[in-house]
Amino acid sequence: MPLDERIITEAIFDEYALKFKSSLDLDVAIVGGGPSGLTAARLLAADGFNVALFERKLSLGGGMWGGGMLYNIIVVQEESVHLLTDVGIPVKRYKDNYFTADAVTATTALAAAACLAGAKVFNCLSVEDVVLREVDGAKQVTGLVVNSSPVEMAGLHVDPIVLGCKYLVEATGHAVEVLKTLVRKNDVKLNTPSGKIEGEQSMWAEVAETNTVTNTREIFPGVYVAGMAANASFGSYRMGPIFGGMLLSGEKVAADIAKKLRG
Ligand code: 48H
């Protein structure tokens, strides 16, 4: 079979255009491809919603690749094990309520499962802003503003492009980037005690893990927080290299948004 390089190029353009154009009116836009974002993307896409995940880096997985301090094993607790085994990740019990998994296997399998479930993943795209509109007399996030990560990294003055979404999941981890931008640029009040981002506290794994799930909720009309961003938003603790709370947070945000979308 002769190969025509121009057709290879054309295939990339055509298929990427299809993928992008089918993402202009998303049910859910997930920002951040760490464990919470990937789990949410898989479950919402499996439920049949139009879902896209935006990740600044070339690779998905966020903070999960390196386990703890680059010892690439992750630890999860029993109640979250199903979110690994459901996508074929082998786990080993360690003492009572601890389970371990290989960090590389877990990261790649969570990413593959999200893609195979139908979530459209846009890697190397950074979300730099949101679209804020007045809907029924109240301000609401109705879209996201994205730019190519290399443009962002090089500091080039290139304007971004925009996609619409019914819900945006802020899953950018410790940085809480999207919410920070929303609060910095607009006169808005979040659904937190101070109306602002409360900020992350120091290590307390047990409380942090529970809080990661309870803090996973709608923090502003159209915006849910998940994963580490949920704890940083509501002033809770960090937990170190235990990832069960991140997976459970992804599961919770998916269930909550699915319920809203179904009305
Ligand atoms: C596009 C962006 C943007 C942007 C950031 O940090 P993550 O792994 O997120 P979580 O919350 O799913 O998991 C947190 C976990 O990895 C962790 O850090 C833990 C458990 N820490 C405990 C402790 O004590 O330290 O992934 C977030 C992803 C990253 O891949 C970023 O590159 C990406 O979001 N991201 N993508 N546009 N503006 N900002």
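Every residue gets a Cβ built from N, Cα and C, even glycine.
What TrEMBL lists as NAD(+) binding site is Ser36, Glu55, Arg56, Gly63, Val127, His157, Val158, Asp159, Met228. TrEMBL lists Asp159, His174 with the feature Fe cation binding site. Residues annotated as glycine binding site in TrEMBL: Arg238.
Counting other C-beta atoms within 10 Å of each candidate's C-beta, the binding-site residues Arg56, His174, Arg238 are led by Arg56. With respect to their backbone Cα atoms, Arg56 (NAD(+) binding site) and His174 (Fe cation binding site) stand 14 Å from each other. Considering only the binding-site residues Asp159, His174, Arg238, the residue whose Cα is spatially closest to the Cα of Val127 (NAD(+) binding site) is Asp159.
Taking only the Cα positions, the spacing between Met228 (NAD(+) binding site) and His174 (Fe cation binding site) is 6 angstrom. According to DSSP, Val127 (NAD(+) binding site) is assigned to a strand segment.
Classification of His174 (Fe cation binding site) by DSSP places it within a helix. Fewest other C-beta atoms within 10 Å: among the binding-site residues Ser36, Val127, Asp159, Met228, that description fits Asp159. The Cβ of Val158 (NAD(+) binding site) has 11 neighbouring Cβ atoms from other residues within 10 Å, across all protein chains displayed.
The binding-site residues near ligand 1, defined by a Cβ under 6 Å from one of its atoms, are Ser36, Val127, Met228, Arg238, chosen from Ser36, Val127, Asp159, Met228, Arg238. Listed in sequence order, the binding-site residues from Ser36, Val158, His174 having a Cα within 10 Å of the Cα of the residue listed as 'glycine binding site' are His174. For the NAD(+) site listed in the record, the two most distant Cα atoms among Ser36, Glu55, Arg56, Gly63, Val127, His157, Val158, Asp159, Met228 lie 32 Å apart. For the recorded site, Val158 (NAD(+) binding site), the DSSP three-state label reads coil. The two recorded residues, Ser36 (NAD(+) binding site) and Asp159 (Fe cation binding site), have Cα atoms 29 Å apart.
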